[in-house]
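Asker: As listed in Swiss-Prot for this protein:
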| type | residues | note |
| --- | --- | --- |
| BINDING | CYS69, CYS71, CYS87, CYS90 | Zn(2+) binding site |
| BINDING | ASP489, ASP491, ASP493 | Mg(2+) binding site |
Amino acid sequence: MIDRYKHQQLRIGSVSPQQISAWATKIIPNGEIVGEVTKPYTFHYKTNKPEKDGLFCERIFGPIKSGICACGNYRVIGDEKEDPKFCEQCGVEFVGSRIRRYQMGYIKLTCPVTHVWYLKRLPSYIANLLDKPLKELEGLVYCDFSFARPITKKPTFLRLRGSFEYEIQSWKYSIPLFFTTQGFDIFRNREISTGAGAIREQLADLDLRIIIENSLVEWKQLGEEGPTGNEWEDRKIVRRKDFLVRRMELAKHFIRTNIEPEWMVLCLLPVLPPELRPIIQIEGGKLMSSDINELYRRVIYRNNTLTDLLTTSRSTPGELVMCQEKLVQEAVDTLLDNGIRGQPMRDGHNKVYKSFSDVIEGKEGRFRETLLGKRVDYSGRSVIVVGPSLSLHRCGLPREIAIELFQTFVIRGLIRQHLASNIGVAKSQIRENKPIVWEILQEVMQGHPVLLNRAPTLHRLGIQSFQPILVEGRTICLHPLVCKGFNADFDGDQMAVHVPLSLEAQAEARLLMFSHMNLLSPAIGDPISVPTQDMLIGLYVLTSGTRRGICANRYNPCNRKNYQNERIYETNYKYMKEPFFCNSYDAIGAYRQKRINLDSPLWLRWQLDQRVSASREVPIEVHYESFGTYHEIYAHYLIVRSIKKETFCVYIRTTVGHISFYREIEEAIQGFSQACSYDT
């Protein structure tokens with residue numbers, strides 16, 4: 001459908017019987033109205049042509065071959081001189097065969113049938129609106145229960161006795177037998193109601209606004225009562241309040257979308273276009289048919305049987321009619337959703353029938369596989385790898401992908417700069433990989449964001465925008481902090497890249513979809529850009545090292561171990577003095593020169609800390625020097641004092657990994673502080 005803003009959209013919901021009839025019926029040029037499928041047949045076994053008024057009827061759904069009717073006559077499509085526009089003998093219009101992809105039909109149900117999605121799926125919409133237990137409604141739908149129909153103001157037999165399901169056992173079993181007696185059909189139809197028709201009557205009598213008002217009043221009353229002291233009663237009250245909220249929201253949704261509650265009970269069953277449920281002939285003359293065709297046939301068979309019972313045989317017992325209505329309800333349930341909360345129906349080979357719900361849902365369903373999974377222009381796909389040097393809002397695009405995505409922009413740049421006379425010359429320069437091509441490509445990419453998407457896109461953070469840069473290789477580089485939003489990891493995951501073309505799309509990508517602007521989860525507000533997986537392992541390796549402090553020295557022979565955690569004996573042990581560094585730059589420089597390892601312990605000069613100088617910790621060792629100064633050695637720091645006990649400097653015991661980690665955090669905080677100062 002197309003909305004008022006001329007946007008194509010798809011809406012799934014309940015529709016009225018009049019709307020179903022408008023979709024499925026059509027008037028052929030002779031004035032005849034067609035659209036109802038009345039026969040459960042598909043193709044004639046001799047002529048191999050669709051049966052009239054069957055599931056593949058050409059009068060209802062259109063010709064199989066464009067411009068050729070069922071009789072074999074041919075007319076030119078669109079030729080106004082050709083008259084008439086349909087075959088007078090078979091009634092088939094001379095139109096294109098593509099009409100069989102969207103022309104629907106319908107089955108006129110003899111008895112109303114509840115839509116299984118609204119009845120059995122949780123939460124049950126019908127049960128919520130009627131405020132009745134689901135088990136009771138299911139018993140009513142499948143003709144296990146009956147209730148009195150209060151259509152007359154005068155007291156009637158059943159209105160005096162009430163509903164069957166609430167009566168004593170003698171009434172429960174004797175009254176149905178009384179009404180099934182021959183000659184009581186009119187009396188039975190007036191007094192009792194059962195099946196989906198009973199549900200439809202109750203839904204039609206609902207006033208949604210009164211439901212909202214009454215539910216709100218009851219919710220307020222339950223809130224004013226307060227806790228009762230009984231845990232079971234309190235939980236019951238909470239569940240009731242939650243139910244009232246759901247009921248009010250459901251009623252508001254029906255009012256907002258102009259949907260009537262009784263539309264959840266079907267009187268007309270739509271029949272899908274035949275091209276969406278095909279019958280294909282394979283080798284050997286065998287036919288392969290969609291399971292939906294068999295399920296439609298089952299519905300038509302049972303519906304026609306019920307029609308015959310009601311029209312031809314007036315002496316049919318009521319119990320037999322109710323049983324046939326139950327079979328029609330079960331057949332429609334199987335067609336719409338086979339096996340919902342029960343045992344699925346199987347064919348002769350013990351294979352489960354694939355219902356309409358199975359066709360449209362899941363990864364291999366009609367929406368995700370056929371409609372949403374289409375390839376589009378200006379898009380690419382590749383494996384993602386970690387880009388540790390990237391900024392949060394950047395991603396690395398391989399040259400091969402980037403030149404294909406931005407080829408039209410590069411061609412325009414070459415022509416504007418008079419480096420190519422036409423499109424053909426520009427394409428040849430791109431194929432030859434001339435240096436000027438990559439320069440123009442980088443200029444184009446600087447002002448153009450790209451969108452990265454990882455399927456399945458379950459929430460809005462599944463697709464985000466990034467500023468692309470060129471990288472070597474054939475993989476997309478991604479900052480590891482954005483992986484949680486995509487639910488991605490670097491074990492072979494693939495991501496799609498798209499180029500926003502219009503100015504509106506580019507503005508949306510820059511203002512709303514950039515990765516550095518989506519740091520919090522839209523669902524619960526927790527940070528979404530947090531270290532995970534590879535980053536956590538890297539941080540652990542970076543900050544790992546000896547945690548025993550100064551105790552692991554030459555005075556403790558039990559701690560003499562190498563980097564492989566192997567014990568070193570007295571004869572082979574050589575004590576390595578831990579180096580001292582005045583600043584972090586010297587320590588990192590020594591690591592780059594391979595004089596020390598990443599996790600080698602060292603002493604780093606640190607700023608004086610009042611908490612250290614005021615600490616009452618007892619030093620492990622004290623080293624005195626000839627000039628009177630001495631070193632107080634603690635577990636994780638060292639203090640140099642004068643002869644007058646004045647503190648000269650402090651050294652902390654750390655590793656190069658800890659220093660690098662600290663510097664990264666310090667630079668990030670300084671950058672954040674500068675950004676805040678610029679904003680103020």
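Glycine is treated like the rest: Cβ placed from N, Cα and C.
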Asker: If we check Cα distances from CYS90 (Zn(2+) binding site), which of the binding-site residues ASP489, ASP491, ASP493 wins as closest?
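Answerer: Nearest listed residue in space: ASP493.
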Asker: Name the residues of the same chain, 6+ apart in sequence, whose Cβ is under 8 Å from the Cβ of ASP493 (Mg(2+) binding site)?
Answerer: VAL383, ILE384, ARG454
Asker: So if I measure Cβ to Cβ from CYS71 (Zn(2+) binding site) and keep only same-chain residues at least 6 apart in sequence, which ones fall under 8 Å?
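Answerer: In sequence order, CYS87, GLN89, CYS90, VAL92 meet the Cβ cut-off.
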Asker: Whose Cβ lies within 8 Å of the mean position of the Cβ atoms of ASP489, ASP491, ASP493, the Mg(2+) site, other than those residues?
Answerer: ILE384, ALA488, PHE490, GLY492
Asker: Under 8 Å Cβ to Cβ from CYS69 (Zn(2+) binding site), same chain, six or more residues apart: give me those in sequence order, or none if nothing qualifies.
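Answerer: Set apart from CYS69 (Zn(2+) binding site) by at least 6 residues yet with Cβ under 8 Å, we have GLU58, PRO63, ARG75, PHE86, CYS87, GLN89, CYS90, VAL92, GLU93, PHE94.
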Asker: Given the binding-site residues ASP489, ASP491, which one has the fewest other C-beta atoms within 10 angstroms of its C-beta?
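Answerer: Comparing Cβ neighbours within 10 Å for the binding-site residues ASP489, ASP491, ASP491 has the fewest.
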Asker: Using a 10 Å radius around each Cβ and all protein chains in view, which of these binding-site residues has the most neighbours: CYS87, CYS90?
Answerer: CYS87
Asker: Which residues, same chain and not among CYS69, CYS71, CYS87, CYS90, have a CB within 8 angstroms of the centroid of the CB atoms at the recorded Zn(2+) site?
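Answerer: Sorted by sequence, the hits are ALA70, GLY72, ASN73, PHE86, GLU88, GLN89, GLY91, VAL92.
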Asker: Which state, by DSSP, holds CYS71 (Zn(2+) binding site): helix, strand or coil?
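Answerer: DSSP assigns CYS71 (Zn(2+) binding site) to coil.
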